[in-house]
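Take a look at the structure set out below.
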């Protein structure tokens with residue numbers, strides 16, 4: 001049989017195939033020479049012995065959960081604008097609204113620590129109680145407005161000594177501030193435990209969490225790395241031991257520990273309740289709330305008189321002021337006054353004369369009240385001073401001075417001790433000139449939406465004659481001022497990555513804490 005001669009097309013096709021095979025062979029040889037591909041090594045070689053081949057983990061077939069499928073209303077024979085479809089949509093909307101409302105309704109039950117425990121270390125009852133001009137509205141992170149030059153230029157010896165002392169405070173060295181996340185959400189309120197034996201800090205956040213930090217703890221020695229231990233994992237550097245509880249369902253707006261009752265922490269919340277946390281018995285009990293859980297009366301402030309550990313005072317976002325003796329069983333016996341038509345953002349008692357109350361309101365006023373002469377129908381203040389914008393807080397110190405912060409970017413100081421407040425009779429009235437502030441300090445108070453409002457907080461029992469208070473600084477510091485308006489210190493440090501807006505003093509020790517919007521704290525001692 002005569003073999004047919006190949007066509008020109010077939011010859012060209014075979015030539016292309018041969019050329020392609022030659023190219024692939026050449027590429028394979030080049031790759032092996034450069035080590036991209038290695039020839040299979042025989043069993044028993046040193047390479048196989050040094051790196052034994054691991055058996056692959058058996059694959060487990062993941063069973064998919066059967067979820068209900070969405071079905072078209074058209075296929076089910078329901079018209080788009082039918083009453084059935086509308087009713088179904090309304091019911092779904094109502095259900096979701098009810099779920100959201102249920103999350104925010106306060107819980108009136110008594111709780112143990114286990115009931116409200118969220119995270120951290122579960123502690124026994126005795127574990128905790130073992131014993132100056134800023135440009136308006138412009139924040140420049142880490143730019144100081146007070147420093148060493150201001151201290152050197154101080155002429156008054158006592159003031160200079162105090163400035164040196166306060167500026168010598170340094171950040172807690174055990175952990176950097178960005179490692180101390182005391183609450184899950186933005187911090188709204190803080191306080192120190194009155195004990196001088198060790199610094200214990202309580203912080204409340206936006207969602208009702210309560211964080212507790214015992215700053216007497218030391219970093220474990222295993223956490224200190226050697227130079228050779230470069231491959232140590234993060235687990236070898238543990239975070240500080242913290243406790244997180246959830247006694248409230250909404251923002252914890254204020255808290256206090258009475259010095260004569262150091263085992264009890266009182267917290268007030270936007271969920272309309274005031275609760276008592278017994279640190280010794282590890283329990284939480286509601287002490288005051290409206291009779292119905294459907295009544296929404298958010299509490300904005302909480303205070304107690306120094307000589308009375310049984311009576312609580314509070315203000316609300318509706319402008320009311322209340323007083324309640326916790327020894328009475330009926331909460332309906334609480335006394336309330338409507339002091340403002342708008343929100344009262346903060347208030348405080350004059351501790352040595354607790355019938356005097358200072359309130360700060362959204363209506364731009366700071367008012368001074370005398371409870372001894374306070375009418376329920378037409379309450380009249382001892383006096384009032386109006387600022388250009390909203391007043392955020394009014395804080396009394398132990399000698400009769402009031403410090404306020406306001407959205408007009410000022411801190412105002414009122415000295416009523418020089419006006420004889422301790423000897424005033426019921427019905428005493430101050431005129432407009434007597435209510436003017438004695439000192440005005442420029443301070444940036446433009447916190448915006450994401451930073452907690454700046455509020456001054458006095459050291460209630462200072463160990464020298466010079467009164468002092470602290471307040472957050474939008475440049476990521478905490479400022480300390482004297483009762484006469486002189487700046488004493490500007491506390492900062494490495495690792496502070498947010499504004500320590502909620503600043504508090506220990507009542508007698510020179511310990512200062514600042515809380516941030518990320519739930520972290522800075523501690524200077």
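Every residue, even glycine, has its Cβ placed from backbone N, Cα and C.
Feature annotation from Swiss-Prot assigns compositional bias 'Polar residues' to 34-50.
The region 'Disordered' annotation in Swiss-Prot covers 34-103 (among others).
Residues or ranges marked as region 'Disordered' by Swiss-Prot: 214-240 (among others).
Residues annotated as region 'Disordered' in Swiss-Prot: 282-301 (among others).
With helix defined as DSSP H, G or I and strand as E or B, the repeat 'WD 1' (182-223) counts 3 helix, 17 strand, 22 coil. Here Swiss-Prot flags 182-223 as repeat 'WD 1'.
Taken from Swiss-Prot, the feature repeat 'WD 3' applies to 339-379, supported by sequence analysis. In terms of DSSP secondary structure, the repeat 'WD 3' (339-379) contains 3 helix, 18 strand, 20 coil.
With DSSP states grouped into helix (H, G, I), strand (E, B) and coil, the repeat 'WD 5' (448-491) comes out at 0 helix, 19 strand, 25 coil. Summarising the annotation, Swiss-Prot assigns repeat 'WD 5' to 448-491.
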Outside the repeat 'WD 3' (339-379), six or more residues from its ends: residues with CB under 8 Å to it: 300-301, 303-308, 313, 315-321, 323, 385-396, 398, 400, 402, 404, 406, 412, 414, 416, 421-422, 424, 426-428, 430, 435, 453, 455, 460
Cβ-Cβ under 8 Å with the region 'Disordered' (282-301): same-chain residues at least 6 beyond its ends: 105-106, 108-113, 115-116, 123-125, 245, 247, 250-251, 253-254, 266, 268-276, 312, 314-318, 320, 322, 324, 326, 331-332, 334, 343-348
Residues of the parent chain within Cβ reach of the repeat 'WD 1' (182-223), under 8 Å, 6 or more residues beyond its termini: 116, 118, 120, 123, 127-131, 172, 174-175, 236-238, 240-257, 259, 262, 265, 267, 269, 271, 277, 450, 452, 501-502, 504-509, 511, 513, 515-521, 523, 525
